[in-house]
Amino acid sequence: MSKVFKSLIPFGIFAVAYLALSMVVTNSYYQFILTMVLVWASFGLSWNMLSGYTGLISFGHASFFGLGAFATVLAHYHLGISPWIMLPVSALIGATAGVLIGLPTFRLRGHYFALSMLAYPLAFMYVFQWLGYPEISLPRERENPAAYMQFDDGRIYTLLAMVILAAIVVLTRIIETRRFGMALIAIKQNEAAAEAAGINTLGWKLAAIAVSGGIAGLVGAFYSVVILVITPHSVFGMLISAQALTVTMFGGVGTVWGPIIGASFLIPIAETLHAELGSYLPGIQGVVYGIAIVVLIIAAPEGLYWKARDLFRGRSGTGGETEMPKSETPADAEALATVTPLPTQFRTSADADAEPVLEVDNLSKSFGGLKAVQNVSFKVPAGMILGIIGPNGAGKTTLFNLLNGFQKPDEGRVRLNGGDVLGEKPHAICRAGVGRTFQIMRPFKRMSVHDNVKVGAYVHAANEDEAEEITRAALHEAGLDGIAERMAGGLTTKDLRLMELARALAGRPEILLLDETLAGLGKHESEEVIAIIRRLAKSGKTIVIIEHTMQAMVQLVDRFLVLDHGEVVTEGEPEAVTRDPRVIEAYLGKKWASNA
Amino acid sequence: MTETQILIESTLQAIAAGILIGAIYGLMCVGLAMIFGIMRVINFAQGDFMMIGMYAAFFALTLLGLPSFLGPVVGPYVAVLLAAPLLYGFGWLIHRTLIRRVTGIETADLEGEGHYAQLILTLGIALILQNGAMILFGAELISIRTPLSSDAIFVGPFLDGLAVFLNKARLVSACISVVIIVALWWVIKSTTLGKSLRAAADNPEAAIYMGIDVDRSHRTAFALGTAITATAGGLLATNYPFHPFVGLEYVIIMYAGVVLGGIGSVIGAFWGGMAIGLVQQLSTIILPTQLQNATIFVFFLLIVILRPQGFFGRNVERT
């Protein structure tokens, strides 16, 4: 908690200075601008909560904003209910609308999500027009204006807006530092990896849209109180949704400061232009926002805050290479010819007759006509290192995707410690004890190594302290203690591989699925990683590792499973498998097989 | 006339109107399909390009004084066709100066990040165009009227006095739309230009190695898509009044059509647009006209949520 409050000191200073400024402003129009800056900053924070942290761009935040505004105005107009009551009610309406909209719409990703979100406020706009509210204003209360949030002194609105903003800032900071915030950032950076690390992505996204919609509803309600007259177009219109996105993108996405910086710059400019030129250039505000967006996305796509921070920290702009150079196949020819399997005494002491941790039975999966995995069966006893090899396209990664729940098999069974895990979602399978790494690495680039690993630690941690403890242990196991605070974006391939390993370990898995963990590593790096994997096996972890190069694998594994065209070619001890003519054929073609 | 007869007649009327408007929507969708479906560039400003096309046609008509020597019937359609090359140039320029920075070979097969940049960049362009148009042209409703706009052909009476009327302006617009689609289909199928477009779309990397200038192909497709949608806008404007913010409503219609028709399929996009036209017109039988567009938005949501790969398309999602 203290960390949260410490980080709020700059905001406290800002708030006090801002309020002091508002106290001396007597011009009512300037006072109005001061209020509006805070209103739009709050609305920006609402958008940021969903889109900034999860990366799902919403073009439709006007839905929640407009519902809040209409609820407040209609309740006052028809029922005489005070906005003091309607503000929290509007937040509730916004949150409910968020969940109702999120449930179907989260099935979509990327641009489909953005466009669908746009359709909601436009539909609302027509519905409210059809309901007969082309324009509606809050009745003036002469008796007891304060009870209806009506004040002659504009400074009170600025003060109220600051209270709202402060509450949202505190909420955002608390969420940022908790499991909630970590989960959202992990989803943004890589949804599949987050799911595989045990995060219930749909659940957290719904939580995010509920909070975000709630804030937007509240802000919309307050906006209607300040502005007094609303129309469907003025609260559900495109410009409202764009406003949230613009102030946040301008100031900085995914940080509490972004919307505040963005609103402080853009709102005064747009409002002043509107006031000075609005009568003969009626769309000038929109043009300014448009230009701001265009310039921004080209010059500083993540906003001023990050640009300034990167400059300040002297970080280079690139996020580091993650794509692996593919090892060349010809090397395999040599590998096969010269491999010397590990002497038996160095193998892990896995007992082949022991109770299997993982039991795969007749697993099959086709994509259209392509049979990616066909009738694959195998067992992995506790503490064993099983190597799955096969040429490119043999179905190795598909097999892993079936095992950890990314894809559903057409047929077959997968049992973990005797329990059926087939058809479960990836995060549930992770929870059940299957950890995995990826062939194409999926680091959360803007997070430190420590935080990357911590995302995985929440699977079995009851609280923050326990998560921290598990994280430390996993970092240690993977030999990453020294670089825990480095940003993942700047790591070497080897360290990224180890970081993914540590992230998987943090989920306390019983079985680890490693997808080409040695790919793209030099000889010495490869040996280092092998030593770490062996150590894990010794400590009792069961490991299944995919590779398509053999050289490193023979030094590592207890047993091989060879796949080709989705089928098991053979299974057995490394010595036997490397001499099997069918294996040589699968790797090098018939010509080599007959020569061997 | 009995109740049932009235219902049958209004249904037939809605279907007829839906086919006519659907053909124009179809052309609109084909324009977007060139950009979004084929080149995988998400263009949020497509509706506003269409709006610019409507104004371009309007000013071509009034400033060039076309009716004075082409007559009031032919003049507007010539104006619409004159606006097309203008918008081709406009699209070309927008791509050259802005879109190119967030698309191209690096982002061509990138699902996430490239698209966000495109989405937000084109949102910015949309805001500039909408509000810029309001500054330049004002917010009043304008239409490109021809004497055909308020004239209709009566089909019937058939089956005990049932009759359906077809608005002449829409009928002509729908026919022009179909002609353009057929011509475009031929260009894509049979010409070198079409082949290079398809190659650049299918596998940009391989296309480069085959000596195709992918960047140029993308620009051509973008400009062509802009011109086609703008033409559809002009054709629509002979019967519908428009204003600077008209694009927003149609951008949803266009994406709905493209998604419905299956991403990547140009002809599919036409049928998608046709389906939207029919849904819109048929909805008026049971719902008030003000909710026409709300119906389309709900329909769009249903399509993307239930079947994002469309009805003719393939599923493109990869793990």
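Note: Cβ is positioned from N, Cα and C throughout, glycine not excepted.
Listed in TrEMBL:
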{"type": "TRANSMEM", "residues": "B:12-37", "note": "transmembrane segment"}
{"type": "TRANSMEM", "residues": "B:49-70", "note": "transmembrane segment"}
{"type": "TRANSMEM", "residues": "B:76-95", "note": "transmembrane segment"}
{"type": "TRANSMEM", "residues": "B:116-139", "note": "transmembrane segment"}
{"type": "TRANSMEM", "residues": "B:169-188", "note": "transmembrane segment"}
{"type": "TRANSMEM", "residues": "B:220-240", "note": "transmembrane segment"}
{"type": "TRANSMEM", "residues": "B:252-279", "note": "transmembrane segment"}
{"type": "TRANSMEM", "residues": "B:291-312", "note": "transmembrane segment"}
Next on the checklist: Let me check one thing: do the transmembrane segment (B:76-95) and the transmembrane segment (B:12-37) come into contact, meaning three or more Cβ pairs under 8 Å with sequence separation of at least 6?
Outcome noted: no
Counting only residues at least 6 beyond its ends, the same-chain positions whose CB falls under 8 A of a CB in the transmembrane segment (B:252-279) are 14-15, 18-34, 36-38, 46-47, 181, 184-185, 188, 201, 229, 295-297, 299-300, 303-304, 308-314, 316
Do at least three C-beta pairs under 8 angstroms join the transmembrane segment (B:116-139) to the transmembrane segment (B:169-188), pairs 6 or more apart in sequence? no
Highest Cβ pair tally under 8 Å against the transmembrane segment (B:220-240), stretches B:12-37, B:49-70, B:169-188, lands on B:12-37
Residues outside the transmembrane segment (B:12-37) whose C-beta sits under 8 Å from one of its C-beta atoms, at least 6 past its ends, are 43, 46, 50, 155, 162, 164-167, 170-171, 173-175, 177-178, 180-181, 184, 221-222, 224-233, 235-236, 250, 253-255, 257-258, 261, 263-266, 268-282, 284-285
